[in-house]
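Undergrad: Have a look at this one.
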Amino acid sequence: MSSPETHSDVIELTRELISRPSVTPLDEGCQDLMAKRLAAIGFTIEPMVFEDTTNLWARRGTEGPVFCFAGHTDVVPVGDLNRWHTPPFDPVVIDGYIHGRGAADMKGSLAAMVVAAERFVAEHPDHQGSIAFLITSDEEGPFINGTVRVVETLEARHEKITWALVGEPSSTHLLGDVVKNGRRGSLTGNLTVKGIQGHVAYPHLADNPIHRAAPALAELSRIEWDKGNEFFPPTSFQIANINGGTGASNVIPGELKVMFNFRYSTEVTAETLIARVLGILDAHGLDYDIDWVFNGLPFLTGEGPLLDATREAIFEVTGTHTDPQTTGGTSDGRFIAPTGAQVIELGPVNATIHKVNECVKASDLELLTGCYQRILEKLLCN
């Protein structure tokens, strides 16, 4: 039997969003649906389309400070349909949980943001500052034409975000038990070690790049890059992929390809890590090429208005004392933080994200809506 909360405005909007199969970089009309509701409460709507990516910038108000809800309408592929208990884009509520791709990551958060804004504006039509929405369809993909491009556009016209709340599913066991007040930086290296191909029976006529590289890779894997700090764990170096050889057992390969990644704290910089890696490769006498991919700088939102408001709102709405953390992967917050904005991530429990049978507790979305509205009140109603 359905409970009243499974037919609430936030649940109905969540279901409408899930029903649109917006596998990255598709939006499938999700942003239009959100924009229509935001326009009805006084938001100025500005679509920003860059190549295959649909973005939305919506703002209510012209003065600062600017509170921005940030999120994404794209979802990851569904995987094996046969393993889903229900069709992934035909959302249903079962035993108090709404099922469907994107339920937790992050269409439930998007619905909560919109409904929180509607309720807040109805109660506080003359609020201070501005409320904004920065929504993209390119968060789960290559993140080339999404939030980063919108931020560049805003920066070019000197439009600043003061506080950004990203709706990523931050919670672990209970809604609001964890928020992300920062993220580690991410740096990827694509290394090619050159050798000389030859017959395994005549190693003196070849140069095996696997043998050459192995001591250097072992040294890189043993290094303590830093000790971390009170906000970040120590920097991590991980080899993600390694490939060499022709597939034949009698051929020494001519090159070795290695992909590795750093997740790094604020104790080091990307430039420092690069210099140390190059020093080790050179010390081992390797002939190599290397390309670097900068996936995002580390950022941290310390004590201040946004973190304080978030902590207080979560406790007042849910009774939970939240734990600010910087663990986990990257998010689009990494593109907003360098502008000087304070950034916090708060969203549903993340136990089923990117999995088959993704779901979110319906009552949690009501609580999340309440948290979002309370944060707005604390920051824009002083």
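All residue numbers here begin at 1 and follow the chain in the order shown.
Quick reminder: no glycine exception, Cβ is built from N, Cα and C everywhere.
Quick caveat, the model's predicted, so the values are computed rather than measured.
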Undergrad: Based on Swiss-Prot, name the residue from Asp105, Asp126, Asp323, Asp332 that is recorded for the same Zn(2+) 2 site as Glu140, His354.
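TA: Between Asp105, Asp126, Asp323, Asp332, Swiss-Prot records just one in the Zn(2+) 2 site with Glu140, His354, namely Asp105.
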Undergrad: With Asp105, Glu168 listed by Swiss-Prot as binding Zn(2+) 1, identify the candidate in His72, His204, His211, His284 belonging to that site.
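TA: My reading of Swiss-Prot gives His72 as the candidate in that site.
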Undergrad: Go through Asp105, Glu139, Glu140, Glu168, the listed recorded positions, and name the one with the sparsest Cβ surroundings, counting other Cβ atoms within 10 Å.
TA: Glu140
Undergrad: Where Glu139 (active site, proton acceptor) and Asp74 (active site) are concerned, what is their Cα separation in Å, rounded?
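TA: Each residue's Cα considered, Glu139 (active site, proton acceptor) and Asp74 (active site) end up 7 Å apart.
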Undergrad: Pick from His72, His354: which of these binding-site residues has the biggest number of other Cβ atoms within 10 Å of its Cβ?
TA: His72
Undergrad: Taking 8 Å from the centroid of the Cβ atoms of Asp105, Glu140, His354 as the cut-off, which other residues in that chain fall inside it around the Zn(2+) 2 site?
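TA: Here the non-site neighbours turn out to be Val75, Val76, Gly102, Met106, Ile353.
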Undergrad: Long-range same-chain neighbours of Asp74 (active site), Cβ under 8 Å, sequence gap at least 6?
TA: Ser22, Val23, Thr24, Pro25, Leu26, Asp27, Thr136, Ser137, Asp138, Glu139, Glu140, Gly141
Undergrad: Using only C-alpha positions, which one of His72, Asp105, Glu168 is spatially nearest His354 (Zn(2+) 2 binding site)? These are the binding-site residues in the record.
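TA: Of all the candidates listed, Asp105 is nearest in space.
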Undergrad: Can you tell me the three-state DSSP label for Asp105 (Zn(2+) 1 binding site)?
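TA: DSSP call for Asp105 (Zn(2+) 1 binding site): helix.
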